[in-house]
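The feature NAD(+) binding site is assigned by Swiss-Prot to D35, A36, Q37, Y38, D39, S84, L85, E115, R138, E174, K291, K315, with sequence analysis given as support. Summarising the annotation, Swiss-Prot assigns active site, N6-AMP-lysine intermediate to K117 and lists sequence analysis as the type of evidence. Residues or ranges marked as Zn(2+) binding site in Swiss-Prot: C419, C422, C437, C442. Positions annotated as domain 'BRCT' by Swiss-Prot: 601-680.
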Amino acid sequence: MEDMFSPLIEVENLRREINRHNQLYYVQDNPEISDAQYDTLIRRLKELEEAHPELVTPDSPTQRVGAEPLKAFGIVNHPYPLLSLANAFSDTELEAWYQRVKKLLGNIPFQIDCEPKMDGLAVALTYRNGKFATGATRGDGFQGENITRNLRTIHSIPLNAEPNAPPVFEVRGEVYLSKNGFAKLNRERADKGLPLFANPRNAAAGSLRQLDPSVTAERPLDIFIYALGYSEDSLLPDSHWQILDYFSKIGFRINPLNRLVNTLEEAKEYYRQMAANRASLPYEADGVVFKVDSVSLQHRLGDVGREPRWAIAYKFPAEQVMTRLKKIGISVGRTGTLNPFAVLEPVNVGGVVVKQAALHNEDDILRKDIREGDTVIIQRAGEVIPEVVAPVLSKRNPESKPFRMEESLFNPNLNRTACPVCGGEIYRPAGEAMHYCANVSCPAQFERQLEHFVSRGAMDIRGIGESLSVILAQQGLVKNVSDLYYLTTADLLQLPRMGEKSADNIIDAIADSKTRPLDRVIFGLGVRHVGNETATLLSRHYGNIWALAKTGLGELQTIPDIGDKIASSIVAYFSEEKNVAVIRRLEEAGVRLTSDQKPVNKNMPFSGMEFVVTGKLESFSREEAQEKIRSLGGTAKDNVTKATNYLVVGADAGSKLTKARSMGVKELSEREFINMLEQS
């Protein structure tokens, strides 16, 4: 009998000891034994479990890794939604949030929890009877992907809760890669000849979504718990701060930089300190989260859309770095615009290597006094688009000269300003900021037109991107957009590095694009000043391309949102015989030039309603959401105005949400928007 029980006793003792050392090492950062001693304990436990497989349990430390790869992730329904946070970008916006909370609470005093806003991936961890049962991604806030097996590989996530933990509870946390862990991971990938991750967040997200948990286990992922989702223990304190302290004591990792403050000024000071020390943090953070501490007051404040009223994320300013502006280059757009851009010494900005940045136009360059050879400050606007903020005047060469578009475009061979691609005449219309190439046959214009025509927002022809558009134009295979529909596999096989399968796929994609809606065709034609919103208006008003082609200036000006400039541009486009000839060839090739949408009438569900969509939606893309709005008679706009009736709010909404709130625009969560669609 003693022989029977001794392995069980040793296994239980080993698990208890290993879990204790995991807690000391991964959570408390206070190890008692060396890595070699820890490995010895793990090795002995594995030996015993291999000899006695009946003793293996899901919560054993050996079971963090080793399961078979999944074919797909399952779905987990969140018992309580994982809401996203409203953003503040200034002290003024933070103060506005604070005053709204005070007003809603009737001036009841409240404390504020201050927490670094980790730039990772939100997850929900559910424990049942002391065991880690389920782990899921945020998903759309209501449903997430079941990534339990991958989360088990993260050593700072306890597989067992302490005996005094609630019988069933869910905690929420942010999985992330430290800066050092990210650098180490990319070094290893470089050594193996694998593509590098752009930034720690992408690396963490990609690691958690591996179907094979052994791959996740190789990534140095970590977690901070930031909230209690729900609990069956009704005796937990009425304080977010005290709840996190409780979970810290029973084995969960809580950010040691969290603070509890009593006033708005203390909250602002916390933000200033975190922003000042951002670069020295061991992980990426993009702001600070402020929360009303009292749980009962949180419930009283409730939610609006998909955001809690009792919390806000105060984002850090865009990361700025210095580099040298080597040259101001000029590119040619599809409508002939001459677009200046900065050629930079490559520099890492927020995890992305930036080599070029937009400069908009000559007036903007002169306003900022940006010159070639300057040391300049670069940031990624909205953490996405690289832009030149300003020159560093103390580092400027005293012999540098202000930028002049006409000087930059002067062609000594022609003894005049000229398009840098075709040598065509240059002009700048009165009242406009842009210079234009006057040559409608400019090859650079057509390359951009072709790229625009095949783009996702227009005809969405998969397989033809920027580089292939240029090759097709330069090889003379496509002289106007209608030529695409007369290409053959044999034509494409003439191109360098083009295989038969790739050529067949492109021909199939071109054929598939023939059934795109009329508004996509109109947008794809690239009529000056006609964006996708205007293209949709024209499609629904006229119903077919030939009715639009024959319309006059006066009729166009009667259509809402079609101003004089747009109307004149449309008439000018269709008065060009070469443009009409292209449309005829599109029709002959079988491209659909009529609309199957019902004409807008006052009885359609969304008739008279104007929507703006912001943030990232889970159920469909922004373009798909806009199409659904238009199909029900509504108007989908890109910007919030006084005419906006509804703002559809997805994850990570930014300035549009702030503007909408200041104007009293009604907000819709994604789920509320879907309900409106279903009821219509």
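Each position is counted from 1, following the chain as shown.
The backbone N, Cα and C atoms fix where each Cβ goes, glycine too.
Features as recorded by Swiss-Prot, highlighted on the structure.
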| residue | record | DSSP (3 states) |
| --- | --- | --- |
| Q37 | NAD(+) binding site | helix |
| L85 | NAD(+) binding site | coil |
| K117 | active site, N6-AMP-lysine intermediate | strand |
| R138 | NAD(+) binding site | coil |
| K291 | NAD(+) binding site | strand |
| C419 | Zn(2+) binding site | coil |
| C437 | Zn(2+) binding site | strand |
| C442 | Zn(2+) binding site | coil |
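Annotation: C437 carries the greatest number of neighbouring Cβ atoms among the binding-site residues L85, C437, C442 [cut-off 10 Å, Cβ to Cβ]. Counted with DSSP, the domain 'BRCT' (601-680) comes out as 29 helix, 18 strand, 33 coil. Between C442 (Zn(2+) binding site) and Q37 (NAD(+) binding site), the C-alpha separation comes to 71 Å. Residue environment of R138 (NAD(+) binding site) contains 21 other Cβ atoms, counted within 10 Å of its Cβ in all protein chains. Rounded to a whole number, the C-alpha distance linking Q37 (NAD(+) binding site) with C422 (Zn(2+) binding site) is 71 angstrom. For the domain 'BRCT' (601-680), the mean pLDDT of the prediction comes to 83. Neighbours of the Zn(2+) site: apart from C419, C422, C437, C442, residues of the same chain with C-beta atoms within 8 angstroms of the site's C-beta centroid are V332, G336, A418, P420, V421, G423, G424, A438, N439, P443, A444, Q445. Cβ neighbours of C419 (Zn(2+) binding site) (same chain, under 8 Å, six or more residues apart in sequence): V332, L338, L409, E425, I426, C437, N439, C442, A444. L85 (NAD(+) binding site) and C422 (Zn(2+) binding site) are 50 Å apart (CA-CA, integer value). In sequence order, A285, D286, G287, V288, V289, A313, K315 constitute the residues six or more apart from K117 (active site, N6-AMP-lysine intermediate) in its chain with CB-CB distances below 8 Å. The Cβ of K291 (NAD(+) binding site) lies under 8 Å from the Cβ of I112, D113, E115, H240, Q298, W310, A311, each of which sits 6+ residues away along the same chain.
Residue density at C422 (Zn(2+) binding site): 16 other Cβ atoms are found within 10 A of its Cβ, drawing on all protein chains shown. Taking the Cβ of Q37 (NAD(+) binding site) as centre and 10 Å as the limit, one finds 11 other Cβ atoms among all the protein chains shown.
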